[in-house]
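Feature annotation from TrEMBL assigns transmembrane segment to A:26-48, A:60-79, A:99-120, A:132-152, A:172-193, A:224-242, A:277-300.
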Ligand SMILES: Nc1ncnc2c1ncn2[C@@H]1O[C@H](COP(=O)(O)OP(=O)(O)OP(=O)(O)O)[C@@H](O)[C@H]1O
Ligand SMILES: [Mg+2]
């Protein structure tokens, strides 16, 4: 009798699904509620102005891009704590190389920096079976230290106008470049996650590694790939920092890993792997930007902002958890 | 038959497989012929799953040869096996719970649509076609985690069929199925046979083997000890081949001279819960083993969960030693002397990454202390004692338990909980996947445990074992219990089966 109810969707399953959906879609509800609250209380401070809206998008682009890649990492039941540091490192590498050798070498060097670190992360996890938490925790310190070391803690200005144009400074008509980057990352991420074999393999690796291996999926290779992708995405984020702020600094991206992971989890991706919600991730990231923006407009001090932000994240994550 | 003219679908010769220094398969020969059901039997840890995993490319052979349809093949990975037309329904759960049925079936072989992108719609249609061909109703769009266990197997069979497999290995497919689901599976096997598909059927259940199998291969300690047509063998001969001796105590009831006025240890009155339970009542006296029978989904497991404090009843009362109890947590139930051996060992019973020793001693760590710290010597002694007493076959008790054969994992679960010295032991399908020799040993342990003045609630879908061990049997149908059947009420297994099916049939 249970059996019969279990398979007819309209009955049991859809009832279960609606309950689950409510929980895994909490981000949209939270987003709308917070947006309305801010609109009411901060409307007079310019919260609703087009300029402020675009600002939120500009400021969250880097987080969104890293979060899209992180969605793959977490869906594969791994974690990458080094993204913030990789962004900082890539920002100084790309700035120094652009100044010395020009635009194209600068871009290549920036991406390469992220790819190399991502490959080291992935290699250690896939080949030596070191937990990604430990590998990337170590890499967080290593990459940050490296960035500070090679620059002697000094900012690295970027004067190349085209670089600044491409990486975030420029607009396409009324559309900010940062918005374009975000849209491209999300669209690509969604497509790969939901419509390619690679996406399926990532979800399978995170969902049940034994079953994935029995089905012929090389789970080690998948783990390597997601960490490599995360490294490259973090490097691009670092280059966007460098472009938007017209300099590379080791501080860029510092602490972003927490915002990125929070955005992904808020978006409905399971920390235990097997599920990856790219659109949810985008809204998770926008939600983080929204809160930042609102708290600044409300005139809170940095310390107060941190407290409020932390509390909101805990509340939202607690609500989005399955029982 | 055509055996002499056509080469067999699969011919394995002198297969050797070692894990490190441990040789698990020692020169095994096996022929699998198209259109036959070939039973593979043997004790827990005999090497059945390993032999089939080698064929499936999950493990690589150390030496030996494999021919498929007369052609020698090298199977290095699962892709090679797939190309050779070999599919497998694994003993351990091997689907991705977060994915849909269709996505699971076509995992790693996704159907591509426009621009090479994965086409879920096409996969769902293809899956529906396979299910239609098998005559089963499963929604390809349903998430696997939302399906009952009985459907997992069907999904895995569909997965094998979608690969056009000509040989399908089923590793203990009925271990988690109820009786009528087993019947459905047998119908399905019949259908597959007619299509000329060869089926390797691994099972510990004699009645099933004799019913579906055409031929049988028995392994003992990694060697073939019997290969023959099933029809020419008696059950006793098969069992003797499996365990290497005559079975001392078969599955027969032994009257343990219970006195009807022993104190009542557990009494449940009209228990209802949010889940399936509507009204279940039963009493267990000290020294008594009460069997709980019913179809899958009838509420047996739900009742066990209430007794063990995992779910709270919405109605009815539970008393222990005549005192009413309301367990807020499983720990409260444990403190009151109730232990539950859960139904699904992998999800609830074991920490798979931990060693046999760690798993065995986990619930009794408090007793393993000397001067406030854990005593390594006590831990070692306790482990050795349990491993011998329950005949757990582990080459190294300190290796992860995931390396043990399925049946041996189950023995560890049983050993672990009996060792906590509970007064009321609730066992939910405790012998699922356990070989016949060990099963009789486990039943002896249960009898012995009860005879020391404890109460046992024994849940099982396997009627022969239930009839062998239970002093009385309570049947649950759709969340309601009947009056208990005492031994004299029970005429035959068939009649009990009918009672269980009741109006649900
Ligand atoms: N990956 C592994 N590493 C080490 N030893 C293993 C591994 N897999 C299986 N073994 C060992 O090989 C032996 C045979 O195991 P196998 O799973 O083939 O038994 P089985 O006949 O299927 O038993 P059961 O009826 O309990 O399922 C066991 O002793 C087991 O501990
Ligand atoms: Mg096995």
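Glycine residues also receive a Cβ, built from the backbone N, Cα and C atoms like all the rest.
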Same-chain residues at least 6 beyond the ends of the transmembrane segment (A:172-193) whose Cβ lies under 8 Å from its Cβ atoms: 54, 57-58, 60-61, 64-65, 68-69, 71-72, 75, 165-166, 199, 202-203, 233, 236, 240, 244, 276, 278-279, 281-282
Result, the transmembrane segment (A:277-300) in contact with the transmembrane segment (A:132-152) (3+ CB pairs under 8 Å): no
Recorded stretches the transmembrane segment (A:277-300) and the transmembrane segment (A:26-48) touching, at least 3 CB pairs under 8 Å: yes
Long-range Cβ neighbours of the transmembrane segment (A:99-120) (under 8 Å; 6 or more residues past either end): 82, 86, 89-91, 93, 139, 143, 156-160, 162-163, 224, 227-236, 238-239, 242
Outside the transmembrane segment (A:26-48), six or more residues from its ends: residues with CB under 8 Å to it: 266-268, 280, 283-284, 286-287, 290-291, 293-294, 297-298, 312, 316, 319-320
